[in-house]
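Report on the following structure.
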Amino acid sequence: MDNKEKEDEELSDELKDQPGPSEKPRTPTVVAFTKPSFYRVNTVISDVKVCRSMSYDMCGNHQQELLFDLYKDETTGKVYLPRFFKALLESGIRKDDPRIDKMIQNIKDADLLDDFVWGTQHIYLEKDTFKRYIGSSIGVVTKALKKQMIIPDWERFVSDMGEIFEDVRSHNEGDLATYIPQLSRVAPDSWAMSVCTIDGQRKMWGDALKPFCLQSVSKPFTYALVHDDIGPEELHAHVGQEPSGRLFNDISLDHNKKPHNPLINAGAIVVASLLKNKLPLADRFDFMIHACRKFVGSGYIGFDNSVFLSERETADRNYALSYYMREHKVFPKDLNLQDTLDLYFQICSIETNCDSLAVMAATLANGGVNPMNGERIVNNRACRDTLSLMYSCGMYDWSGQFAFHVGLPAKSGVSGDMIIVIPNVMGIALYSPRLDKLGNTVRGVKFAEQLVQKYNFHNYDSLIYSDNKKIDPRRQLKDDHDGQNRFMYATKLGDIAAIKRFLLMGHDIHCKDYDDRTVLHVAAAEGDVVTLEYVLSKWQEDPNPCDRYDRTPLDDAKHFNHTACVKLLEEAITVYNLKGQDD
């Protein structure tokens, strides 16, 4: 077995296990270039010149052709699928992403793959087949490979998040919830986390597929659904919006004789009483289960009947709350109190896992639209009001401290689950059943605190004139000159993956800097044979251009005694000159 076959086999095995970010990228394969048949125009938007391709208007397949040219194998002239999918994985697009389901199914239907697209077979696709198979997913594929997702440097981000996750694992303080017998029997040291961005980038750590009950984390979603259904005026005629300053199950009402907010037990019971309350109890529960399944998309939603029965048998406090509120006429008229409480207990007993819960949180971060399938679940106003309540009331009696130190909407539950929503960026789900004295997951709170120490996610970290040194991992809008500089720098580093990305984004490989130097000058001066060979394979003009000092790439290669680069450039110049004579 030669070295290339061995590398391909190792790559297939690595992808099959769906790893985290690799420590060092492999040397990319040098490929031949076929110039795509499209042209570009310049568009001015708000005084910023932006390049955009007109080929989409003329010919809908130019992106497929460009992707093929950028990722095809040097030897076979075909795309090696595991390597192509690895590039997607490194951008945050997982193999179970529903947006690439059709693409993967097309390949499976052709009997080219086994059950896992990241299988052990060496799969190569020719151009027409490749274009046909990826056409249904070209939007998300192109966006991912262009690094235009909300978190462009996904590998670095998941590496940092993994470090925080492992650091927080050492916190073993806290106790299990005991007032619900079933919750007191779970494994106390379980620790899980999952992230889902508004662009559908996903990653999970630890016991992220282990099921647990939503408990109080269901409350924001129930509130959002009722808000979307009946509107904020009718909803808040029965429940307030203020932090209570009391325990989550305290028997008390605000000065208007309403529960303080929808995220404590009293408020959540009232919200449950408003959920499709014209329907029979069974239909109301069906509505809630189906709504949760819409929130998770293709993720897991179940129901733990034992927790439901256990909670109903030990719910004296919630019964007392409900009778107290009925005395003060908080509920809508003609209410069946037992049905309302049963529905509330059922909603708390809905089961999911960290990986699916992250998608639910990301749906809130995305304005009520599921990022995995684009389906709107709740309207934007309902989502906005939900996040406002989570920010001020989501962490029981620690809500004020959490808003001050972390500055993000969040909600915790006594099962040990917790969600953090970073609006317009991502949702984070955490699970660790050890709770502090206020009922919040200890590790979840510690994670949130460390998260905002590293990243500028706090609601007020982005104030102007800020002097903090926190990282902003979000995609930044760059002008053309900045992109050109980064293109040159990628060439200096020999980062062929980045060079491919810049070409896919429409950057001109022949562009020059302020000294009229090109990427050929940079690669030749660095003596990077692999990068120089790749750049030459894309070069369509004279491969020996002069800079402002009349120095050519060949001059630089000779000056620094890079003999292999000299040979490459001389061969390219000869081929170019011969082609000119033929023309």
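Every residue gets a Cβ built from N, Cα and C, even glycine.
The candidate list Tyr391, Tyr396, Tyr455, Tyr460 contains one residue that Swiss-Prot assigns to the substrate site with Ser216, Asn265, Glu311, Asn318, Tyr344, Val414, namely Tyr396. Farthest C-alpha pair in the substrate-binding residues Ser216, Asn265, Glu311, Asn318, Tyr344, Tyr396, Val414: 19 Å apart. For the repeat 'ANK 3' (549-581), the model gives a mean pLDDT of 89. Helix, strand and coil counts under DSSP for the repeat 'ANK 1' (482-514) come to 21 helix, 0 strand, 12 coil. Asn265 (substrate binding site) counts 22 other C-beta atoms within 10 Å of its own C-beta, drawing on all protein chains shown.
Look at the Cβ of each of the binding-site residues Ser216, Asn318 and count the other Cβ atoms within 10 Å; the largest number goes with Ser216.
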